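S.K.: According to TrEMBL, the region 'Disordered' annotation covers A:1-98, A:699-735. What TrEMBL lists as compositional bias 'Basic residues' is A:30-45. Under the heading compositional bias 'Basic and acidic residues', TrEMBL lists A:64-98. If you look up TrEMBL, you'll see A:155-177, A:249-267, A:342-364, A:384-411, A:474-492, A:579-598, A:637-666 marked as transmembrane segment. Taken from TrEMBL, the feature domain 'TMC' applies to A:465-575. The compositional bias 'Pro residues' feature in TrEMBL is assigned to A:702-711. Residues or ranges marked as compositional bias 'Low complexity' in TrEMBL: A:712-733.
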Amino acid sequence: MDNDSVFYSARTGPTNPLLDQLPSYQSLLYRRKPANGGSKRRSSSRTRMGSSGSGRWGGATVALREEKTPPLQRPVRELPRTMAEKRRDREQRLEQDRELSSWRQRRRSLHRSLKRLRADLQERLSSLVLWRGDIHLIEGMFGTGILSYFSFLRFLVLLNLVIFLLMFSFVMLPIIIAPHAGGNVTFNQADGSVCSVYPTSARRGLVIFHEHITDLLSGGGFLEQTYLFYGYYKVHAISFPGFTYNLPLAYLLVTVAYLCLSLVWIVQRSATGFKRNLIQDEDRFQSFCNKIFAGWDCCITNEDAARLKRSSLLYELKTDLEEERIKQKIADRSRKERCRIYTIRLILNVFVIAVLAACFYSIYRATIFSQKAQMEKVNFMRDLIYEYLPSIVITLANFITPLLFSVIINFEDYSPAFEIRFTLMRCVFMRLTSIGVLLFSLWSQITQCKEGPCLCGYNHQLYSCWETRVGQEMYKLTVFDFIIIAAVTIFVEFPRKLMVNYCGCGLMRWWGQQEFAIPQNVLEIVYGQTICWIGTFYCPLLPAICTIKYFFIFYIKKVSLVNNCRPATRPFRASSSNFFFLVVLLIGLALASLPVMVGVGQINCSQACGPFVNYTVSWEVLPRTVSLLPNKALRDLLFALASEAVAVSLFVITCVGMFYVIALAGAHKRVINQLREQLVMEGRDKRFLIQKLCQAQRMTPARPPVPPGGPQPLARAGRDGSAGSRSSWGSPSYHTSFSTNHSDAMFLANAPPHGSTHV
Amino acid sequence: MGATASHLGKDLLSEYQELTFLTKQEILLAHKRFTELLSREDKNLPDPRAPTEAILTLPELKSNPFRERIVRVFSTSESRDGLTFEDFLDLLSAFSDSATLEIKSHYAFRIFDFDDDGTLDENDLEKLVNCLTGETDETRLTPDEMKQLISNILEESDIDKDGTVNLSEFQHVISRSPDFVSSFKIVL
């Protein structure tokens, strides 16, 4: 091919010192050196010629680079060169270092040993990461999409563990070590009023075994007056020698702290995902380049998984291409069709809202019925069912509604990508709001008294310690959730696999093997985490229970995945998965903080139990502590911070900042578009100039060879991405777009090789 | 080179640690796996070169559709056949967790450049897509779909509109691709 002959001639041509004086090459050196060495550019041009190892180019590039070594160098391992070349670079740098002063030398060697120490430390820390081997196995079998689910699960285990440690060390630990450390615990005194009567719920007399099980599953009976629930912490203060430990304040502050900590940790984890998803300025669902260039998970080691990955990639590409065509079709819709579609969508959305309202109402009624039924105990089985009635109704609703939504969405005629997102959003909303409805119905029961406004601010006859009750409901939800996950895996997925494998009838083949549906699984665990966040204020040991629960869920899901499941036909990409998980988790956190804030700030705390007996509302402990501070200036400052003036001004400043950043982003986008157009024009200009040059050469073949500053630079056209400045005629700068190369005048005398650059 | 087939010298190990992104454990594991690939006679050579067929039996590479390209790109021999241990370390370093995005995108570009001409033109892209979806006829895209796909890719990544993707355009589009770092990874 003509291309190859061009390369050969270029290889044997002498290196051109004038080439270094080209403005574009100069700017390349100084601009690119901190980012990547100029040698990198050379090495890529070398690979183009198909040679390896150090040829003439290798020597030439090293010589070039030596003239312009900048003070700041990249580490050798970041250069994309072979090991032998990297070794030579390193030795060169060491030699250069020897020429430096001894102080600089010492500093450099200190640098190096510090880096080595840090690498060793990181290596040791990474070996301590939980479940590394298991996750590596899953990655090899299923790819990075499902892997993201499991690393999300691992993140939740860690988060719950940290929340538990926070709660434990600030609330439980002082109480436990008080007798050993010489602390004096003062309990809340009952003031004798009718509000502070707390009938004990411990069972008396002979306790039948199954009652223990009922207690364990419902959090009542022997579990009620333990560290598990809020009601046990009747401590007012602990006076250690030297200082007094204000337990109610600590309890409140730890609640606020764990919510803030969760927020910060989640946002920090999703920061990279946010940046990418916000910066991508295309209106496609997923970039094709991302799918093609980053499409293959190189970590897959299993043949079957590789085959499935190929077919899922094919499916994904075909669907996305079809979606492009559908978008075109949507844009071409006539007005009549559009009206029809909008009316259908309106009707279906109203239907969805009606279904949601029906579910919420049934949860409300179930909760009220369950609360009333807990007053009279009849027999073991019925009691248990009545206790768990809200959980059962919530689980049923969350099982039926996704199926309904996925059927409805087919009639709404959205693009496939939007369909998936919209169904998911509906399911998320359903799952997380059902907890809110449960809590709302509980609270309506608690604050409703038979005759008019309540005496103590809450219904003290039915709920002498309502926080413990709420804690018990959250405990029951958690336990039931775990039982359901385990039961579905054991009693539905395993038999399904057995039936599909051993019974070849048509129905089984149609049903097929279980697919590991990532969105539904993620919603399950986010649901559990939301319950944990709400319930930790009322049940301080709940984070520990959730840690253990997620720990076991990891193994259950892993076993189920490896044995029962096949990967989903429509792959869930790792990047968008991470982003999606953390967004759903944030929504859960927001929805969880709402009930906690209402419970802390609005509803009167019970007078019979808990640390806040001496206050009307739990939040009151904070203003009262601030007013008791000795320092008047600090007191005034804290009160001023809590006033409306500060809140409003903060809000206004945030809005102004946001508008500024949005305007900046818009301006950047415009500049980017202009630069793109300019690049296209530059490319066209270059091609035009080359054509003219070729024509000129063709017209006068007997002309003496063009001065070295002329076409010869074209021989060295490297494959770097410099846009190239428009230098004067005779020395056009090189541009990587040329797949053809023109060397010196001899070749230009012939017809230029055809390539994509020629029209 | 200072390394016998069975044992890596300590200073050689620390040199490799400095020149690659691999940790000490990973280098030792790589050495072990590499010597398993060598035939009996090769083991006694000073700088043995494992043949391509042996390398392609590694489970990490066996299912990879670009395995032959990967071996070709990292090979330093004249005929681009077979990897020495240092080539193997270069391979693992580029595919490791801690490699920079630039290294990964540079080598990815070389791997995807099937005709080794320094740009990704339509033929390269077509071969790339066929590798990804499978080699048999049922698993390929139709010619219309392929044309649509390639025009979409070029629309997204070809900044100067010359019909090919060069290295810096490729690196630009990769820097905006969120999946690349996690998918371009091989851990022994």
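The first residue you see is number 1, and the count goes up from there.
Any Cβ shown, glycine's included, is placed from N, Cα and C.
Keep in mind the model is a prediction, meaning the values are calculated, not measured.
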S.K.: Run through the domain 'TMC' (A:465-575) and tell me, per DSSP, how many residues are helix, strand and coil.
M.R.: 86 helix, 2 strand, 23 coil
S.K.: With CB pairs under 8 Å as the measure, which of the listed stretches A:155-177, A:249-267, A:342-364 comes out on top against the transmembrane segment (A:579-598)?
M.R.: A:249-267
S.K.: Which whole number is the mean pLDDT over the domain 'TMC' (A:465-575)?
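M.R.: Mean pLDDT across the domain 'TMC' (A:465-575) comes out at 84.
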S.K.: Determine which residues of the chain contact the transmembrane segment (A:249-267) at the Cβ level, with the cut-off under 8 Å and only residues 6 or more beyond its ends counted.
M.R.: 159, 162-163, 166-167, 170-171, 174, 233, 533, 536-537, 582, 585-586, 589, 592-593, 596, 600, 611-612, 618-619, 621-622, 625
